[in-house]
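**Q** Okay, so Swiss-Prot annotates it like this:
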BINDING   583  L-isoleucyl-5'-AMP binding site
BINDING   627  ATP binding site
BINDING   921, 924, 938, 941  Zn(2+) binding site
MOTIF     60-70  motif ''HIGH' region'
MOTIF     624-628  motif ''KMSKS' region'
């Protein structure tokens, strides 16, 4: 019976792995999530006692599904946390949610309106319960979305700003501000939303383009005698884009040291700033009049005028005697600019921050005859009563025109503050509010001074963030912390009904905090219990001894809510401050600033060591994502089509410090990069199926020089990877890894290595050396990509664990290798720097031989001739025995020759190519002379077969 022949192909060590080529991420990732259940807790247990890295999560708002902005933010945080895990630290990451505030109130009101129920008809606590349930619902929805992205954290115990413990700590924090004299109540102008009927913080205001009337108005001076003008009426000319504020005008401001001109215009005299005169007359489309006199701003101070359409008599009984005495005069102000207008600025202390400051200086109260809904009320002129402010503009312009006080009117498009929730324009309106004073001293310094000092101690990434927040803190007004709404933490102060004293004792705050903490529904107790039930038993007013008290009805600004998170979340765990806060760049005026001011006011220090910001997401054309443009991409959609790892790879592929582009074409390109990386990792693990790193790995010094080269290059890569992870430059991490995988590994190392892996006997030195290098590569690449390609790294790790069962069950319980100088061969690195350049020249020559001359079809069909200068030639001689494998050709001779000849472009070498001599070995495909064959295969293959126990006659 004829003996069955062994197929030569079956004698090759071809790759074998169960790690699939097709990722199928959308289907595979949920299986990995199952495996990760309990991983965060296991890490906490195993890493106990290690250095802890604390990234404090800025709480997203518990409303709606997550969008790609949320995904970008949480993935960036996750990459940082996982890198810190992989360098051996313990990581504390407690996700949080912002649960109070107007958007939730609005959403609940909308639901109620469907049932024809008005919010006002429900008890406050019942409405608050509906808000609580709404927030819970979206916390759960968003939590699922974040977990699906592969974000690791304590998802079972997140912090919620509506949690009773959190609210109680917030009340204690508030108490400190009262105790230190930093919190006060005052009537002053604040941003006011007339649609939501509440005050707003600076951070809650967004600027959009708005069209408004731009008008120039004549205010008649009572007399021009100071300038010797008796026979003509003298007018101060003001410019405004908010005509609706004119009913509240109490003064005109000028720049003391600026020049002003008195200009004769027909039978009148107009006063404008000299510097703005030409521009003014051009704008109002009138010929310039005769300048009668030039005076300084200080010469105008004290002059009295009459209001174009408001009668003083009607204000009596509504305004204080002091205001009535000081109103309608010209006052000096440092806020007057000579950039636009006339240099004379209409002042309404009830409708502008700067106007208010000057008004306070000169005894003018913040008068604002406007209701919560933005409608004019008494004592505004009769024609305006019950009219909305923005609707009043054209009525006021009409009256000015009719009375002859309108100089000019046009339309202007300008940037105007809008409510971040309802997107409607807001107004500045003086109402009684609670404030935290930026310039009140405590412990020898003001809150502003301390905050600015702390900013200097924090690391800001990118650096421009420092100047941004610094200028905001330098210029910000006092912090308005009160809101006229239902769903939030109450401002827990009482008023004595007998003497009006504000009760703000520490023991009172502590008593309320304890009641809140011990109630299932937290701060609802404030609305459920009476003052006497909330106050300590037998409490008396410290001023008059009274025992009847009224509760404050306002609630706290949600920025104070989230600004307390360091005190409610980080400090109770024993951490003085977080290592890092990371949010979008809009949070310099939002959470970063609120947290800074709250922490400095409470603990005299910043709550963070470093602050990192990212940009916003735009489409591939750089446009903002919007439903109207149809360019919105949801993370859920990306995960469903591509998988979360593709979204994660997108995050690290971009420079997130700028605005980040996202679109389907970009995602396809990212998916293509992913495939290249995955296939390379698959090839590596596929060639380790018979390798036991514990018993088969060789020491570095005993490795083949080509393997020593790649491991040396790997140390260089690890150095760059660690450096850029530490600097949060993830796009550089990814670029370095991607280039290494695609260029250094796929195109060079692994391509050359195939011969050694496939042809030599499985346990040969040549193959074990190659496998040792592959093992180093596998561990380094799996761990260094794990922070961002988390699902893929974990999937791969399951296969890695089969090769070495002593490894931990998850890649995130292992440590990423650090660059090791003992695994670097500088001589080999230097040699290969030249050899690779020679290889490039050889590849170029082979391409000419294949494409242009048709001499060869495959590189193994080639014989290569190389001639170089002395230094190149001596290097080539050093590695002569390996050159044909390195160039993937059959033969190499160090002399001139060949049918195809090219001159080196980068090196002084000549490369020639001829068809290889001899015959092709059917097993390794390399050409040898007849005498180099044993039977039907070359001597090298014959040796390998012998070591494998395969007799030649079984294959030949």
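Note: Cβ is positioned from N, Cα and C throughout, glycine not excepted.
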**Q** Just to confirm: which same-chain residues, 6+ apart in sequence, have a Cβ under 8 Å from the Cβ of the residue listed as 'ATP binding site'?
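**A** Within the chain, the residue listed as 'ATP binding site' has no Cβ neighbours under 8 Å at 6 or more residues' separation.
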**Q** Can you tell which of 924, 938 has the most other C-beta atoms within 10 Å, given these are the binding-site residues?
**A** 938
**Q** Starting from the Cβ centroid of 921, 924, 938, 941, the recorded Zn(2+) site, name every other residue in that chain with its Cβ within 8 Å, sequence order please.
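**A** Those within range, site residues removed, are 759, 922, 923, 925, 926, 928, 937, 939, 940, 942.
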**Q** For the binding-site residues listed here (921, 941), which one has the lowest count of neighbouring CB atoms within 10 Å of its own CB?
**A** 921
**Q** Please average pLDDT over the motif ''KMSKS' region' (624-628) for the predicted structure.
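**A** Summarising the motif ''KMSKS' region' (624-628) by its mean pLDDT gives 80.
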**Q** Taking DSSP three-state, what's residue 921 (Zn(2+) binding site) in: helix, strand or coil?
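**A** Where residue 921 (Zn(2+) binding site) sits, the three-state DSSP reduction gives coil.
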**Q** Quick check for the class: what is the C-alpha distance, in angstrom and rounded, between residue 924 (Zn(2+) binding site) and residue 583 (L-isoleucyl-5'-AMP binding site)?
**A** 56
**Q** For the motif ''HIGH' region' (60-70), jot down how many residues DSSP puts in helix, in strand and in coil.
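**A** Its residues divide into 3 helix, 1 strand, 7 coil.
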**Q** How many other Cβ atoms are found within 10 Å of the Cβ atom of residue 583 (L-isoleucyl-5'-AMP binding site), counting all protein chains shown?
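**A** Residue 583 (L-isoleucyl-5'-AMP binding site) is surrounded by 21 other Cβ atoms within 10 Å.
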**Q** Go ahead and report the DSSP secondary structure tallies for the motif ''KMSKS' region' (624-628): helix first, then strand, then coil.
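**A** Counting residues per DSSP class in the motif ''KMSKS' region' (624-628), I get 0 helix, 1 strand, 4 coil.
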**Q** Write down the Cα-Cα distance for residue 583 (L-isoleucyl-5'-AMP binding site) and residue 938 (Zn(2+) binding site), rounded and given in Å.
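**A** Distance (Cα to Cα, whole Å): 64 Å.
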